Amino acid sequence: MELLEEDLTCPICCSLFDDPRVLPCSHNFCKKCLEGLLEGNVRNSLWRPSPFKCPTCRKETSATGVNSLQVNYSLKGIVEKYNKIKISPKMPVCKEHLGQPLNIFCVTDMQLICGVCATRGSHTKHVFSSIEDAYTQERDAFEFLFQSFETWRRGDALSRLDTLETNKRKSLQLLTKDSDKVKEFFEKLQHTLDQKKNEILSDFETMKLAVMQTYDPEINKLNSILQEQRMAFNIAEAFKDVSEPIIFLQQMQEFREKIKVIKETPLPPSNLPTSPLMKNFDTSQWEDIKLVDVDKLSLPQDTGVLTSRSPWHPCLLLMAVVLLGLLVFFGPTVFLEWSPLEELATWKDCLSSFNSYLTKSADFVEQSVFYWEQMTDGLFVFSERVKNVSLVALNNVAEFVCKYKLL
């Protein structure tokens, strides 16, 4: 098609021929293109018009006007047919048979085929139809298929889309609600942590105040004593060089009294006892605290800042020894009410009888049920007796403690 278009193109305007005219030299040009050349030739020749020369071969032509030139009807018809072919859609070709147009419709396989496919290919003995009939039939089928597809799209896809969007919206709402709960939880947790931190720091401030109240009076006493010592030293410095006996004796008496008062004033202890809380406090013991128990964080309990408690009181140790002695004393008397040997003998007889029945296969099932019930009843009685013995022993111990006021 491209080569044909080159032959149908005017050399002057480089477009398809429009009303082509042929020169005596057999070259073709558009009518409008030749008119333009003739007008230019007339303007350039003022006195006498020069002969017209062919733009292609430069051969002179004695034509006086374009209308006198012959119309090339054959070329004009070819150009018109070419324009129609160029405007019409391009026919597809067969992929199996190169260059063969798909101009037949196979009704059996519902597809376009070429002539080779219909006669010698895989579509032999199939039902065929013309392109026009197939177009009409497939057009009706398209309308039905399109309507059913539209119904399916609206009935299934759109409904699922609505469902997905609804579920998405609900899921986002739930996530937002849960995130708000998480935010509220951590805000409460942070509030609890801040509150607990302030409580513990407040306890430290209270202990600091107690330490100041304990140490400040002793420090003030020592400062007063040091002040008295400085005054005594100043008195000694003032009269050590006095040579008058009366004045020296007076100053000596005052110095001796000052020294006596200083020596009689007791000095406060320098190693005041420290609270166990202040010695043993360590935040590493809080590392095992869980978040749910964060409200239970507290400082170790201490009755006073400057008092310490021994881990074992002598009275508690004595009480433990007494309770152990009571158990040793009252235990045998309690167990006299119940004989374990008799109970074991009864169990031995039951097991011996049960063993004798093991050799009798016929009675084994029936007797095993009976002895199993006997065993469970015996265990229940045994547990009840142990419980009663324990209660009696504890009751005797409690009466002894209350009687002698050990607690």
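Note: Cβ is positioned from N, Cα and C throughout, glycine not excepted.
Keep in mind that what you see is a predicted model, and the values were worked out from it rather than measured.
Sequence annotations record features per position, and here Swiss-Prot assigns Zn(2+) binding site to CYS94, HIS97, CYS117, HIS123. Sequence-distant neighbours of CYS94 (Zn(2+) binding site) (same chain, six or more apart, CB under 8 Å from its CB) are GLN100, PRO101, LEU102, ILE113, CYS114, VAL116, CYS117, listed in sequence order.
If you look up Swiss-Prot, you'll see 172-200 marked as coiled coil, on the strength of sequence analysis.
Residues or ranges marked as transmembrane segment in Swiss-Prot: 316-336.
Annotation comment: Swiss-Prot describes 10-58 (among others) as zinc finger.
Within the zinc finger (89-131), the DSSP-based counts of helix, strand and coil residues read 6 helix, 10 strand, 27 coil. The annotation zinc finger is assigned in Swiss-Prot to 89-131 (among others) on the grounds of sequence analysis.
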Sparsest-packed of the listed binding-site residues (HIS97, HIS123) - C-beta count within 10 angstroms: HIS97
Cβ neighbour count (within 10 Å, all chains shown) around CYS117 (Zn(2+) binding site): 23
Non-site residues, in chain order, whose CB comes within 8 A of the mean position of the CB atoms of CYS94, HIS97, CYS117, HIS123 at Zn(2+): GLU96, GLN100, LEU102, ILE113, CYS114, GLY115, VAL116, ALA118, GLY121, SER122
